[in-house]
Amino acid sequence: MSKIIFMGTPDFSTKVLEMLIAEHEVIAVVTQPDRPVGRKKVMTPPPVKRVATKHQIPVYQPEKLKDSQELDVLLSLESDLIVTAAFGQLLPESLLNAPKLGAINVHASLLPKYRGGAPIHQAIIDGEEETGITIMYMVKKLDAGNIISQQSIRIEEEDNVGTMHDKLSFLGAELLKKTLPSIIDNTNDSIPQDDALATFASNIRREDERIDWNMSAQAIHNHIRGLSPWPVAYTTMNEKNLKLFSAFIVKGKKGNPGTIIEATKHELIIATGSDDAIALTEIQPAGKKRMKVTDYLSGVQESLVGKVLL
């Protein structure tokens, strides 16, 4: 049985780790340090750590893997293979070259498209109708190694980051399970990526979360989907932030971009930079919980029609 070091951090990684534990010998897990979460800043372990601890697998949590004591330990383990899935750090070249079978990554896009840390978000924001999982050999350059296997999946109009995250996490574990035998036997026919076709999905920044109402309704809809339920798109109303969780396109309604042109029982309808509008259905006003627009409107006394979102 192959000795595997697993490296990953968020929920996306847990399905891959659970599959590896069931099918192989995981000798160590490397994940990010515990972080403060929520208003009370409670120190919280990454999801991967919880899975590893449950199975009594040694866990290492370096702030930065390069030049750390943990790196020396990992190099001494004589592993057969390193598997990563959304780990969140680049691996030192010494570690990439240490295992007998190399290091592989489970990446949530159809490489060479969407290299980087936010491939699911960016694919939806860009209006892609398809994405997938790539199993690839790791090299020093980010997400640029040879492709071992790929599997695609449709992005439906109603999908958002949350639903695609769940679909892709299961798909990643399934594809890795099918692919691992050829990696372990060294019988796979990996193919180089075409760097000329590479696109990038950098981590989402705060400024990326703000809605530009001058964009088309389709682009705004994709932006809301591509950031929901995390980190969440937002706009401002009455100089207060308003988070936007779900919406749909209303054809043929126009007005000055960002203006509330109608407030129905269930939606706030906002003009955009195109001939169509956006109907907001689920929001989170500043200082309040996430709620349906229906519930929000029931507590609002003034008319919102004519107000401008910025």
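Cβ coordinates come from backbone N, Cα and C, glycine included.
Summarising the annotation, Swiss-Prot assigns (6S)-5,6,7,8-tetrahydrofolate binding site to S109, L110, L111, P112 and lists sequence analysis as the type of evidence. Taking the Cβ of L110 ((6S)-5,6,7,8-tetrahydrofolate binding site) as centre and 10 Å as the limit, one finds 20 other Cβ atoms among all the protein chains shown.
Listed in sequence order, the residues of the same chain lying 6 or more apart from S109 ((6S)-5,6,7,8-tetrahydrofolate binding site) and placing their CB within less than 8 Å of its CB are R115, P119, I120, A123, T131, G132, T134, A201. Long-range Cβ neighbours of P112 ((6S)-5,6,7,8-tetrahydrofolate binding site) (same chain, at least 6 residues apart, Cβ-Cβ under 8 Å): D143, A144, Q193, D194, D195, L197, A198, T199. Same-chain residues with CB within 8 A of the center of the S109, L110, L111, P112 CB atoms, the (6S)-5,6,7,8-tetrahydrofolate site residues themselves not counted, are H107, K113, Y114, R115, P119, G132, T134, D143, I147, Q150, Q193. Long-range Cβ contacts of L111 ((6S)-5,6,7,8-tetrahydrofolate binding site) within its own chain (separation 6+, distance under 8 Å): T134, M136, D143, I147, Q150, Q193, A198.
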